[in-house]
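Feature annotations, courtesy of TrEMBL:
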- 7-194: domain 'Fructose-1-6-bisphosphatase class I N-terminal' (DOMAIN)
- Glu92, Asp114, Leu116: Mg(2+) 1 binding site (BINDING)
- Asp114, Asp117, Glu280: Mg(2+) 2 binding site (BINDING)
- Asp117, Gly118, Ser119, Ser120, Asn208: substrate binding site (BINDING)
- 198-331: domain 'Fructose-1-6-bisphosphatase class 1 C-terminal' (DOMAIN)
Amino acid sequence: MHLGRTTLSKFLLQQLRDIADGNDLGALLVDVAAAIKTISAMTAKGALGGYLGDLEQRNGQGELQKKLDVLANDTMIRHCEWGGLLAAMASEENDEALPIPPDCSRGPFLLVFDPLDGSSNTDVNVSVGTIFSVLRHREGASGDTADFLLPGQEQVAAGYAIYGPATMLVLTVGKGTHGFTLDREIGNFILTHPLMRIPADTGEFAINTSNARFWEAPVHRYVAECQAGRSGPRARDFNMRWIASMVAEVHRILVRGGVFLYPRDSKDAAKPGRLRLLYEANPIGLLVEQAGGAASTGRQRLLEVQPTSLHQRVPVILGSRNEVERIERYHVEHDSGTDRPFVSPLFNERSLFRPEALVS
Ligand code: AFP
């Protein structure tokens, strides 16, 4: 691999030559990369292209759609539906699985994606991204929603684009996590970050602390210890970040370490977490594990969660392995009742900080 010279296509030829349907998988990833280049051009043009602002419409989950949400979604579909590589697609922006048009041939893979992650940041010029996951389509399956309900460890490829000062594509085909930078002048993704590795330890955590009153006790315990710094039980200071674009948080973690938490909270009983399992947690979880990190719900390895619906949400805790394992330990100690000496009585199950307690 020659840094600064290896193109995405050459890299994929080398990485996939020993995989049975490697040529088809490589061709699909090249189609995804082409869609990402188009989305990158739109995000870079911003207001000058009329790409900012909301549409007066909501997606199937009732979320207000940005113009770029819909444009990015259409771009992913248009670039990937005709190559004869897919049995079906699914997207955050579409309620049901998307069949391949009858005039296009089908192929062995399923593609599921969040076309624009962090879209609430588009109008304020903060980095956003695209997240994608590739699964193998089982022989004889119909290509409807049920086919996508496979645990994350079944993914054959996963990746994200981050539309930042530079546009980067970070992906894995199960042989490590690798980063490519878009050279706009020649329109090629060039290998710049081979074999990315997440340090096992970190002093940086990312969580939306405005939700603190809804967290479970183990998360309170972990965050409180980080905030206590060198005078607390961790005997070291921590830094906090929250960009509100998961792709940007994860990219930082892949480059310099850290832990990202969007944990289970009691804000909405119908939503055990905010992030979607199939097209946010699973692809990011595979990238993180392939880079030596860990990805968990707090109580289970993320990639082993058995999906039950296309848009289901899941708690997400991922990044530097030793921190994720500490947080998992705190969940085990809480569930077994052995964490009492470490957790302020304010935050146990009958705490003042439970929403119903605050209301009464
Ligand atoms: P949007 O795509 O709706 O902006 O959500 C982004 C996201 O799914 C993820 O990328 C962020 O980490 C998280 O939500 C931010 O959530 P909060 O807005 O609750 O902090």
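Using the three backbone atoms N, Cα and C, a Cβ is placed for every residue, glycine included.
For ligand 1, the binding-site residues lying close by, meaning a CB under 6 A from one of its atoms, are Asp117, Gly118, Ser119, Asn208; the full candidate list was Glu92, Asp117, Gly118, Ser119, Asn208.
Measuring Cα to Cα from Glu280 (Mg(2+) 2 binding site), the binding-site residues that fall within 10 Å are Asp114, out of Asp114, Leu116, Gly118, Ser119, Ser120, Asn208. For the pair Asp117 (Mg(2+) 2 binding site) and Glu92 (Mg(2+) 1 binding site), the C-alpha distance works out to 10 angstrom. Cβ environment of Gly118 (substrate binding site): Val126, Ser127, Val128, Gly129, Ile243, Ala244, Ser245, Met246, Val247, Ala248 lie under 8 Å away, each six or more residues apart in the same chain. For the pair Asn208 (substrate binding site) and Leu116 (Mg(2+) 1 binding site), the C-alpha distance works out to 20 angstrom. When the Cα positions of Asp117, Gly118, Ser119, Ser120, Asn208 are compared pair by pair, the longest gap among these substrate-binding residues is 17 Å. The record gives Asp114, Asp117, Glu280 for Mg(2+) 2. Within 8 Å of the mean position of their Cβ atoms, the other Cβ atoms in that chain belong to Glu92, Phe113, Gly118, Gly129, Thr130, Ile131, Tyr160, Met246, Val247, Leu275, Arg276, Tyr279.
Contacts of Leu116 (Mg(2+) 1 binding site) defined by a Cβ separation under 8 A and a same-chain sequence distance of 6+ are given as Ile39, Lys66, Leu68, Asp69, Ala72, Asn73, Thr122, Val128, Gly129, Thr130, in order along the sequence.
Per-residue confidence over the domain 'Fructose-1-6-bisphosphatase class 1 C-terminal' (198-331) averages 97 (mean pLDDT, predicted model). Glu92 (Mg(2+) 1 binding site) counts 24 other C-beta atoms within 10 Å of its own C-beta, drawing on all protein chains shown. Ser120 (substrate binding site) sits 13 Å from Asp114 (Mg(2+) 1 binding site), taking the C-alpha atoms as the reference points.
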